[in-house]
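Chemist: Take this structure first; my questions come after.
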Amino acid sequence: MTNMYYNQDINENVLDGKKIAVIGYGSQGHAHAQNLKDSGFDVVVGIRPGKSFDKAKEDGLEVATVAEAAEQADVIMVLLPDERQKQVYEEEIAPALKAGKALAFAHGFNIHFGQIKPPADVDVFLVAPKGPGHLVRRTFEAGAGVPALFGVYQDASGTARETALAYSKGIGSARGGVLETSFEEETVTDLFGEQAVLCGGLTSLIKAGFETLVEAGYQPELAYFETLHETKLIVDLMYEGGMAGMRYSVSDTAEWGDFVSGPRVIDADTKARMKSILEDIQSGKFAKEWIQENEDGRPNFNRIEKEEAGHQLEEVGEKLRAMMPFVAKGLKKEEEVTAGATN
Ligand SMILES: NC(=O)C1=CN([C@@H]2O[C@H](COP(=O)(O)OP(=O)(O)OC[C@H]3O[C@@H](n4cnc5c(N)ncnc54)[C@H](OP(=O)(O)O)[C@@H]3O)[C@@H](O)[C@H]2O)C=CC1
Ligand SMILES: CC[C@](O)(C(C)=O)C(=O)O
């Protein structure tokens, strides 16, 4: 397959004797740092004092301030929230950049939308796992890997591409396959995927289904099982065998319902709205509004997050999941329990 690379295609020696600074220890940061360390690379985590700093230390990683880690490292992977990267870059990372170093990202947002403008004498690349960071770590520990995209924005050294590939092997992504892309393609498609399908599309679909059943007088618990809980089981089948794999396992009645009713839910109008979402991302409109929302102190983000957490589906789900010890607690709950235990 063109543009796809796997472990056996990649020589990681380009990173021999090099130090990698992982800046940030959140969802992606903890996974990259731990996977790289377990793959035998020399890693330092750059982080401000606080929860993440303490966690990285507890996990046995070398920890430093962002400025110190950037100073020591040959490769600096920026895994801070997108909306914080510009400020931290300007204050603590840029002063450490010099010829021969590489600046890396897991998402092209700040480079593509011109928020960060690196000097011409450093390599700039991205390695963007196509999955949540907690699963980048979980799958690595299980001997597998989350596929990733990699791309080079600037190749000052002549080896940026090899470095990006070696890095993707180090985090385990080349076990699943890494696909070459550009910053523009990664940024636009990642934003589109999370808005229209993976996060926005899916939550809106599930919520609409749940509300339709509850408003028609059906039990909320039943509506939760039908629209959220079973989604995971159906998606697992698609993950393993595509849509045909899922359709093999469900009843013919369900498959017929899928064929005749699916297109009534997602129709040409939905696709037209998806196209308009894509256009807002391509034109920079979405990025401009998100940057502004952060500059204003996130009034809408905070309000909507609170409203969503109070939805009936979330309340019912929490009670039902508490009765199913075999369902993982959920990462948010797990963190609350850990924090509670140490307080
Ligand atoms: N979440 C994901 O799975 C994916 C994310 N990405 C990309 O990866 C990057 C990181 O995202 P994500 O892992 O979600 O981020 P998180 O929000 O999970 O983690 C952010 C980390 O940055 C730290 N941090 C925040 N502000 C500062 C600061 N001012 N100075 C120093 N450290 C700071 C936080 O520490 P503290 O505890 O102190 O707040 C935390 O350790 C983004 O570019 C994102 O687009 C790409 C693919 C998937
Ligand atoms: C789907 C959300 C994501 O793009 C991801 C986990 O890949 C993100 O930015 O968190």
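Every residue gets a Cβ built from N, Cα and C, even glycine.
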Chemist: Tyr25, Gly26, Ser27, Gln28, Arg48, Ser52 bind NADP(+) according to TrEMBL; which of Gly131, Gly133, Gly143 goes with them?
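Modeler: Among Gly131, Gly133, Gly143, only Gly133 appears alongside Tyr25, Gly26, Ser27, Gln28, Arg48, Ser52 as NADP(+)-binding in TrEMBL.
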Chemist: Taking every protein chain shown into account, which of the recorded positions Tyr25, Gln28, His107, Gly133 has the largest tally of Cβ atoms within 10 Å of its Cβ?
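Modeler: For the recorded positions Tyr25, Gln28, His107, Gly133, the Cβ with the most other Cβ atoms within 10 Å is Tyr25.
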Chemist: Just checking: which of Gly26, Ser27, His107, Gly133, Glu230 have a Cα that is within 10 Å of the Cα of Asp190 (Mg(2+) 1 binding site), counting only these recorded positions?
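Modeler: Neighbours among recorded positions, in sequence order: His107.
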Chemist: Out of the binding-site residues I have (Tyr25, Gln28, Asp190, Glu194, Glu226, Glu230), which ones have their Cβ sitting under 6 Å from ligand 2?
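Modeler: What lies within reach of ligand 2, judged by Cβ under 6 Å, is Asp190, Glu194.
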Chemist: Where DSSP helix means H, G or I and strand means E or B, what are the helix, strand and coil counts for the domain 'KARI C-terminal knotted' (182-327)?
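Modeler: The breakdown for the domain 'KARI C-terminal knotted' (182-327) reads 125 helix, 0 strand, 21 coil.
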Chemist: Starting from each candidate's C-beta and looking 10 angstroms out, tell me which of the binding-site residues Asp190, Glu194, Glu226 has the most other C-beta atoms.
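Modeler: Of Asp190, Glu194, Glu226, the one with the most crowded Cβ is Asp190.
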Chemist: Of Gln28, Arg48, His107, Asp190, Glu194, the recorded positions listed, which put a C-beta under 6 Å from ligand 1? Please answer none if none do.
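Modeler: Checking each Cβ against ligand 1, the ones under 6 Å are Gln28, Arg48, His107.
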Chemist: Just the number: how many Å between the Cα atoms of Glu230 (Mg(2+) 2 binding site) and Ser251 (substrate binding site)?
Modeler: 14
